[in-house]
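Asks: Quick one: the structure is below, questions incoming.
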Amino acid sequence: MLFLIQKEFKQIIRNKFLPRIIVLFPILVILIIPWVANMEIKNVNLAVLDFDSTPTSKKLIEEISATSYFNVVFNSKNTHDSRECLYLNQCDIILEFPNGFEKDLMTTQKAHIGIYANAINSTKGTLGSSYLTQIITQSTQSTNLLKVLSTYRFNPNLDYKRYMIPALMVMVLTMICGFLPALNIVSEKEKGNIEQINVTPISKTAFIVAKIIPYWIIGLVVLSLCFMLAFLIYDLSPKGSFALLYSFAVVYIVVVTGMGLVISNYSETMQQAMFVSYFFVLILILLSVLFTSIKSMPLWAEYLTYINPLRYFIESVRAIYLKSSGFEALWQNLAILFAFGVFLNLWAILSYKKIN
């Protein structure tokens, strides 16, 4: 088996493309995606219709403008112009202060404000309206009434990047340790090298294990690189145990490598392997908790996440990174990943066609 492992490493090193991808892919993902795949809403263009023109309405407009969430691009009393602004995509939300706003607020402690959002981009419209409502509510509430102090645990600054980066590490491992083994075996099929191995007395189990071990090592090196980048660039380090993180990674790499080997056993060409791998990885990412909450999915999609190994690894990495969760809280996820690993690698061994 040792010479097979050496052969795998030699093939990877001799390939000019693979070592570069293994190094550059995690660097680019950790450097770029946390900034561009950001669900925080900022710089929302706001049009203001101030029919009241009182100190209270002007103070509110100033407070809204002072935040990083809104840019006041239009301030007028012309309803037609504000609607035209919305139709031409020059603004995202219209905020209307009706005549008598300050009077109603002072006399009855109740006043009406109109918020009209462009809901073509539903996320921007919904979150922008929510932010606007929150700012106005906080500014107009009575100082003598109950004040609510909110504390945000595990992510005190509500930094979306801290939520995304642990999941992106999982995505990097999935792409590298899932795609490359599949493409490696199919490449040997196309070159005819696999036939030479098939006629040797090497068992199917030894062959599959020899394919797993190199990507096991590569995956752990890539994960360590991701840890280092997250710390150096984003000052993000695990609150929990590194040993537990690596334990999960060891099991998860076996899972995705096994999936790649199963795909390679049923593929005859590189195109087939790439298409099938891309299809399954895309579905797994969409059904994980990488970008969306499971509770936001329809019921049928929630059930599908139970057979998605990415879900369990992403949840565990986030819990260790942000909440300092320990083995006692995450052992079930580790057991499920272990079961996935056993199942997929047994499938890879049984489906590998070897000439005895």
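All positions are counted from 1 along the displayed chain.
The backbone N, Cα and C atoms fix where each Cβ goes, and this holds for glycine too.
Just so it is clear, the model here is predicted, and its values are computed rather than measured.
Feature annotation from TrEMBL assigns domain 'ABC transmembrane type-2' to 129-355. The transmembrane segment annotation in TrEMBL covers 21-37, 163-186, 213-234, 240-263, 275-294, 330-350.
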Asks: Six or more residues out from either end of the transmembrane segment (213-234), which same-chain residues have a Cβ under 8 Å from its Cβ atoms?
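Replies: Residues 5, 8-9, 12, 22-23, 26-27, 30-31, 34, 161-162, 165, 168-169, 172-173, 176-177, 180-181, 242, 245-246, 249-250, 253-254, 257.
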Asks: Residue list, the transmembrane segment (330-350) vs rest of chain: Cβ under 8 Å, 6 or more residues beyond ends.
Replies: 204-205, 208, 212, 244, 247-248, 251-252, 254-255, 257-259, 261-262, 265, 309, 312-313, 315-316, 319-320
